[in-house]
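Please read the structure below before turning to the comments.
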Amino acid sequence: MENNTRKKEVKVGQLCQLCHCRKAVMKRPKNLQKLCKECFYHVFETEIHLTIIKEKLFYKGETIAIGASGGKDSTVLASIMKTLNERYNYGLNLVLLSVDEGIVGYRDDSLATVKRNQQQYQMPLEIVSYKDLYNWTMDEIVSCTGVKSSCTYCGVLRRQALDRGAIKLDIHHVVTGHNADDMAETVLMNLLRGDAARIESSVNVTTNSIGSPVKRSKPFKYTYQKEIVLYAHYKKLDYFSTECTYAPEAFRGTARVLLKNLESVRPSCIIDIIHSGGHFKLKPKRIRTNTPKKNIPQNTNNNNKNKHNNNNNTDKEIEIRPDGSVSIVKDGNRCERCGYLSMNKICKACILLQGLEANRPKMIIGESLTSSSDGAAKLSKTLEGLSF
Ligand SMILES: Nc1ncnc2c1ncn2[C@@H]1O[C@H](COP(=O)(O)OP(=O)(O)OP(=O)(O)O)[C@@H](O)[C@H]1O
């Protein structure tokens, strides 16, 4: 009996440093605090709630689309949004929104996870596909362009696809599972590339493409990747863990490794990098423009959300880009090709698609050379000689 009691005793050093009564089962990645499961859930969920409140992300009655890829980040996001919405009575209507990029053996499997999540969280689900929107799947695009530029295409097309999906549902706010690590990586990438103009905006918790009625928020701005994985693991959430078939953007991969090394020496560096990014200010730049002097905006700070009414024409606005350049934006501008909202004559997605269309005939020749259509890898080998 005495022996049994002794076995169950927990040394003080092994106790949770928050509740001081339960056994610690983990060292919290963010600050190395020893915690029990219950206290970890509590701090993890509360920090996200505080971000939502401090940043005033939502209003009561708002409908929010959760960008759901089936991966760990967006699965935890869906679970947390449901938990916090109920616990703190946010009054939100939550909808899952998925983009099917058309990547055989990857996205089809992860979408199966999202469909299960739909049942588990009892949320409506909308799926929009590249094939329907653009008449291209990502597999076809990679066949045409090669793997190297796949992230560039996918990023532009997915961004617009999420917007279009939201608009289809009459939703004006999308939340994504981008986390603190993603943000710190982006700051590092921009810093290492000398892209100073993008540093500040890369840590914005809410962003808005110019001309788009849909805003995007990142409730996980301060949430560490490792903690998301731990939360998903302890809560036994149903998520899809395979990496995209097309390797992540090479330079982001380098920034990721660098960040992981820094994190192992100093865990707070992820938050510190985000903090530094948010306080990074460029020197005001002199604006070179042909616009008559009286229309040049006086405020030259680098906030890309800044818009100024042009005195001469009320349906036009001057927008100052983060790099200090100025463009005239017409209200409700639409892409001449697809009709989607765009600040340019042709939207970014259409510029990419036009290039692809020009290459389609070559691709069809390539397809006839291969006996199988199972994904891009095979086809891209056949087409290696065809540059675009
Ligand atoms: N196909 C998709 N459909 C809907 N939302 C997506 C899709 N892909 C990415 N997102 C959104 O963008 C966020 C960041 O995507 P990213 O490609 O960086 O994947 P990730 O960091 O592996 O996230 P996850 O673990 O959620 O897949 C995701 O958390 C999700 O909210």
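Our numbering is plain: 1 for the first residue shown, then up by one each step along the chain.
Positions of Cβ are set from backbone N, Cα and C atoms, glycine also.
Summarising model confidence by region, the domain 'tRNA(Ile)-lysidine/2-thiocytidine synthase N-terminal' (64-246) averages a pLDDT of 95. Annotation source TrEMBL lists domain 'tRNA(Ile)-lysidine/2-thiocytidine synthase N-terminal' at 64-246.
Marked as ATP binding site by TrEMBL: G67, A68, S69, D73, V99, G177, D182. Cβ neighbours of D73 (ATP binding site) (same chain, under 8 Å, six or more residues apart in sequence): G177, H178, N179, F220, Q225, I228.
According to TrEMBL, the feature region 'Disordered' maps to 286-318.
Summarising the annotation, TrEMBL assigns compositional bias 'Low complexity' to 289-313.
The annotation domain 'Cytoplasmic tRNA 2-thiolation protein 1 C-terminal' is assigned in TrEMBL to 333-363.
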Item to check | Other CB atoms within 10 A, centred on S69 (ATP binding site) | outcome: 23
Next on the checklist: I want to check the contact list for G67 (ATP binding site): same chain, sequence separation of six or more, C-beta distance under 8 angstroms. What comes out?
Outcome noted: S74, L97, S98, V99, L162, V174, V175, T176, G177
Next on the checklist: Validating a neighbour-count step here. Other CB atoms within 10 A of the CB of D182 (ATP binding site): how many?
Outcome noted: 19
